[in-house]
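Going by TrEMBL, these are the annotated features:
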DOMAIN    4-94  domain 'Arginyl tRNA synthetase N-terminal'
DOMAIN    479-593  domain 'DALR anticodon binding'
MOTIF     130-140  motif ''HIGH' region'
Ligand code: ARG
């Protein structure tokens, strides 16, 4: 496959020039220019090379090295300009012919120039992480959106990726719920120790009941230690397999499952696996045995723990509790069991957890414990955390009652806002009600996802519907609009003949080609840093370049056939790449709007 990264191609050429000067080929690294008004690309290698020479005791200055390398590069006919700036930066500008030829390569590429990894990996992404019986809240939104984007990005790069939702279905909240149902309906057969089944096929509780019972139960346990103890005991009995509890718990899981599925469908988020913490249970005993054989389990106040602190730790890392004093397993032990399960069933090269950054200590404990016992190497377990979505007060978004805002409420706000904006402009143009609703849903989702993903993953951001839904600025709707406009331009102008040449006659075309060419590098960076906002930046740049191109260059009514064909090719290529990027971000584009 041709390498469709301009920066990589230029790095290879500049590297040879450095090598010819007796210097390391790696100094030839070329990147997009920091000063696009002066040059398209730059190479800073002369400075690094001079520094290295100085350390070795020879006195070459960076400008001299820069001059020598630049002189060699001037011999290449692909450059329109090679110049030296400041203490030794080499500025590079390509000829329009070279750029046009490169654009034709991207136009002919079925992957729109997307970067492909040399050695793809098998990867599990653990994201979503909702809890049974609890409706999704705003905190789950980022896990879903970012996890989905990373999954698609890694697939596009060539990895074999499995997305697993990792349901919270096995912790203390399950015991609390069983207790709450028993307190309301003590006569159900699930609670009678003498009955071992079969149990009713119909669930005694609906989703609404769970949503009502869970907060009640959890408040009761907080207020009353006896209740709390009882819930723990019930949890331990559930985990030990008491038939009535298991049967009731299965109802909780399947009722929640249906509700969650609907919510994730609305978000356009899909999981390959709907496994949960409970699926780790069969691996707990083997884990304990492995830990025992390695002498890694310690008794502490009736619990069995793994010490994971290390000398030189800058902060205190408490031990991971493998088995609590009442015999139940906790969040850390189920995560270890899940690693075992994944190793056995998928055998991944790497597991990535897309989970709130505030859980970093938990993952530190799990990863260290896993490494200690030789289960899975720590350097192939990644916690890719994210910041919080904040309210206008810049604190994590809460309801007036102080609970985390339910996701439904947030999505409804978004939807209503989108309907308002879309309706006013389109209903007069004869769009049907259904199409308008579909467009509004897509605009709302694009606004939300783009706003979320365009912030660096690790930072917090403020939820601001008006800003997210604006058709101006770096927003989802702006970029969606650009993608739709390209479709309509092509509809009017038609497609160019297969293989039509690209020609650069104007600044806006040159700029658009450079934007298209920046895709593989942006994608690679987004991939390597696990940072989808880098892809958002690329989509924004591409949309802006297209808008400039559209304003300055005639397409449908361009009289010169070769110029028209070239512009058709550029428009089509831009549309394809933009849709690919948006699709990778999980953003769907309507046919028109
Ligand atoms: N259910 C957890 C929560 O709501 C998130 C699970 C994240 N994944 C994991 N493997 N621990 O906090």
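Including glycine, each Cβ sits where the backbone N, Cα and C put it.
Outside the motif ''HIGH' region' (130-140), and at least 6 residues removed from its termini, the chain residues within Cβ reach (under 8 Å) are 165, 167-169, 171, 173-174, 177, 210-211, 213-214, 252-253, 256, 259-260, 263, 276, 356, 388-389, 396-397, 403-408, 410, 463.
Taking DSSP states H, G and I as helix and E and B as strand, the motif ''HIGH' region' (130-140) has 3 helix, 2 strand, 6 coil. Along the motif ''HIGH' region' (130-140), the predicted structure has mean pLDDT 87.
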